[in-house]
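These come from Swiss-Prot:
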type    : residues                   : note
BINDING : G73, F78, I124, E125, R137 : S-adenosyl-L-methionine binding site
Amino acid sequence: MKERIFNKYFPDLDKSIIKKFIKLYKIHKFFNKKINIISNNSLNFFYERHILHSLCVYKICYFLNKSIIIDVGTGGGFPGIPLALLFNKTKFILIDSIEKKIKIINLIIKELHLKNVYVKCTRIENFHNKCNFIIGRAVTKLPNFIRLVKKNFLFKKKNKINNGILYLKGGEFENEKNNQYLYIKYNIYNFLKKFFFKKKLFIFLLFNIKII
């Protein structure tokens, strides 16, 4: 059943990676009994609401080796951990201000033998490392997110696509747009035909392209 959902939407995934996704679920299930890392309700739909949701980035973006990605407000390690398993030559920096979550993520990194993931217990306001892409999942309203992270971008692009923000959100988008920037909006339901994704959006903001 678990393998089937990945084979349906991501048929090119290696079986060894799928096994690690299953292991990731088991780790979360174990620790969630003691610490509320993700909601218990979403744990019942773990592969759909956490893994598939994270992997929708992979449908659009391919990160080249040695790219640097910052995952802001990573929570239980999403979308950073699933993407780090796919792009194992890309550097992922996962940040969250809640120490207990960071401790669990460190354990996950060890259990999954991830060599390309680094964690920091801090707020993005106080974090000044530079990167190619910043990922967030329903952290705050998009204009506020842009304001918080724009200091963290490298100006020189490394990938075929421009450096930018990769943001997963639900609900409306038009009232959050900043007309200074170029956005590409993807309806996740177009490539993940699950009811959960009906109103979910993937927003790609191209950081170093401004509309004057």
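Don't overthink the numbers, they just go from 1 along the chain as shown.
Cβ coordinates come from backbone N, Cα and C, glycine included.
Feature map: annotations from Swiss-Prot on the structure.
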residue	record	DSSP (3 states)
G73	S-adenosyl-L-methionine binding site	coil
F78	S-adenosyl-L-methionine binding site	coil
I124	S-adenosyl-L-methionine binding site	helix
R137	S-adenosyl-L-methionine binding site	strand
State, in Å as a whole number, the widest CA to CA span among the S-adenosyl-L-methionine-binding residues G73, F78, I124, E125, R137 given in the record.
20
Residues that sit under 8 angstroms from F78 (S-adenosyl-L-methionine binding site) by C-beta distance, when 6+ apart in the chain:
H50, H53, S54, R137
Restricting to the same chain and to sequence separations of six or more, state which residues have a Cβ under 8 Å from that of I124 (S-adenosyl-L-methionine binding site).
V72, G73, I95, L148, V149, N152
Within the chain of E125 (S-adenosyl-L-methionine binding site), which residues six or more apart in sequence place their C-beta under 8 angstroms from its C-beta?
L148
Cβ-Cβ neighbours of G73 (S-adenosyl-L-methionine binding site) (radius 10 Å):
21
Count of other CB atoms lying within 10 Å of the CB belonging to R137 (S-adenosyl-L-methionine binding site):
21
